[in-house]
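What follows is one structure encoded as structure tokens, with my remarks underneath.
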Amino acid sequence: MANDPRNFPQRKLLVTCALPYANGSIHLGHMLEHIQADIWVRYQRLRGNIVNFICADDAHGTPIMLKAQQMGMSPEEMIAAVSIEHQKDFAGFDISFDNYHSTHSDENRELASHIYLQLKKNGFISSRTISQLFDPEKEMFLPDRFVKGTCPKCKSEDQYGDNCDACGETYSPTELINPKSAVSGATPVMKDSEHFFFDLPQFESMLKEWTRSGSLQTETANKMQEWFESGLQQWDISRDAPYFGFEIPGEKDKFFYVWLDAPIGYMGSFKNLCDKRDDLDFDEYWNKDSKTELYHFIGKDIVYFHSLFWPAMLDGSGFRKPNNVFVHGYVTVNGAKMSKSKGTFVKASTYLEHLDPECLRYYYAAKLNSRIDDLDLNLEDFTQRVNADVVNKIVNLASRNAGFIAKRFEGKLAENFVEPELYNEFVAAADRIAELYEAREFGRAIRELTALADKANQYVDEKAPWVVAKQEGKDQELQEICSVGINLFRVLMTYLKPVMPALAARTEAFLNEELTWEGVAQPLTAHEITAFKALFNRIDPKNIEAMIEASKEDAAAEMAAKEKAEASNAAQETELSKDPIAEEIEFDDFAKVDLRIAKIVSCESVPKADKLLKFQLDIGGEMRQVFSGIKAAYNPEDLVGKYTVVVANLKPRKMKFGMSEGMILAAGPGGKDLWILEPHEGAQPGMRVM
């Protein structure tokens, strides 16, 4: 075998998946990336390489802060619960992480601060006052993802404030056309704030050289070239309080933008792993001159951050850059975007309740390649392909031979292997399949494997052991035929081991032999296997239907819970909580205010004044002219003849439209929501309000 790992030096790899955001459940879209990365990692381990496979929850940002408030818990409590759920889902799909951590950790805080201070020391951080979108209703600066509007470049509507899903462009939220707050729906206003910036343009030549290295996917390199031609911009790395994240060292009420500390979470998770193990050295993997290999698996929606900002941050702070960033497309279901109403937005946990995770691992592998293509999970094709390939072609190869070995030969394979040429053809395929695994061309590797399975089954069909078993004096021939079939199955399962580790483990128990890449070089002879048990079950379409229905129920329950939480929060948000009581005053201060009952004698709109009404008030033998900003709440004619309360001893104020000689009392937040105070029947003009 030319690709025998014993012929190559052992590689040391650090592999990561993009960090799932800690405000929701893992779904089948997430699983594409994690399955893709896990297959590659398992292949590398199978070849004898040292792999550290890490991930973490991305646990910072305004969305997490707001959702925690909605759920009535602290952000720390929420992200802890989400982390448990995420790790359970990944374990259910046999994702073989060496460590799973959180960006809200001591390791990440220390590393984020260190990298920032190094960048600042090296002249890559600057600050300036910017005009930023501010929600006037919620009284908070709006993070990028909480502003929506029309993309300034391609004009696609309903796009987030940091980047466009349609064209991939990144921009400032202030550049959006017709922006709206995603928190309240209000039109944001501009407000000044000091922000801190990472000087990305200083790294343009380095990034261009990195792009020309030839290792990046063609689509990624082409996209980066577009960004270079458009001109790199300084990157805003700060956010204002209130914000859930890490405070910027030396600054008050200023926090790191989530996209600064999120990729540093790769380092934080690895640092956490190093602290648990004596055989790992953090610096060996992250020093600028590291000889180890670093790979990131990500989705196409976050290429900009990983191919520009991240390598520039690392380079500017004295750390190594990734060897490569492997980008994949999105998952669609039945040719369309995943839909909660149709039940095709399937959570990982819902899938695991109804179907074998190995089925999805196989199907994704069968359709994955090294390009940035979207992958369609066609549920009918999913059923047919898994049943046809895994059950009918591969597992059936074992079942149709194992019975004869167990019953007629006490589980022992033949001493002589009678089909060396056929077996060598299977062994020779190892080099080609290895190249395809290494290149992440999993679909092509699966096609090579199933083509071999067809040849193996053709051999069994031609030799017909069920016929030979009925012929006297043919025991040795029967044993030899079935032993060939079992050995070909062993080779196939070795090649399939990175894709279907649970099936491979059951196969190893059946064969009484570990499946190793170098082990396929020689067939098993005179070897005892165990009694055959069903290794894999067919997909029942009814289980898929049940999964879809359960997903619809999940979506409905999620919506109901959200509405309940919103209603609860609305009920808790009292007028007093929205507008707290002012600072205490002494009684003598209050006694200075002279409140009197007044009768509205006349009321009219003030020309060229949007908010004002002009009143003539009788306060008990004396007439007063008063202007009041309640025009949006009342028609002037409706107020004539009513009684109200007025501050009678307020110093007259000269206004553009005349002198105002008092103040009418009204309650409410403003605008249309204002109500003048009216006394009970019996109160007369001039009476003092006690």
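In case you wondered, yes, glycine gets a Cβ from its N, Cα and C as well.
Keep in mind the model is a prediction, meaning the values are calculated, not measured.
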In Swiss-Prot, which of the ranges 20-30, 53-63, 108-118, 647-657 has the motif ''HIGH' region' annotation?
-> 20-30
Quick one: which of 2-6, 247-251, 337-341 does Swiss-Prot have down as motif ''KMSKS' region'?
-> 337-341
In terms of Cβ proximity under 8 Å, which residues at least six beyond the ends of the motif ''KMSKS' region' (337-341) contact it?
-> 27-29, 331, 551-552, 555, 558
Could you give the Cα-Cα distance between Cys167 (Zn(2+) binding site) and Lys340 (ATP binding site), in whole Å?
-> 25
Given the model, what does the mean pLDDT over the motif ''KMSKS' region' (337-341) come out as?
-> 92
Look at each of the binding-site residues, Cys151, Cys167, and point out the one with the fewest other Cβ atoms around it within 10 Å.
-> Cys167
Least buried by Cβ count (within 10 Å) of the binding-site residues Cys154, Cys164 = Cys154
Those residues of the chain, 6+ apart, with a Cβ under 8 Å from that of Lys340 (ATP binding site) | Ser551, Lys552, Ala555, Glu558
According to DSSP, how is the motif ''HIGH' region' (20-30) divided among helix, strand and coil residues?
-> 3 helix, 2 strand, 6 coil
Sorted by sequence, non-Cys151, Cys154, Cys164, Cys167 residues with Cβ within 8 Å of centre, Zn(2+) = Pro152, Lys153, Lys155, Ser156, Gln159, Asp165, Ala166, Gly168, Glu169
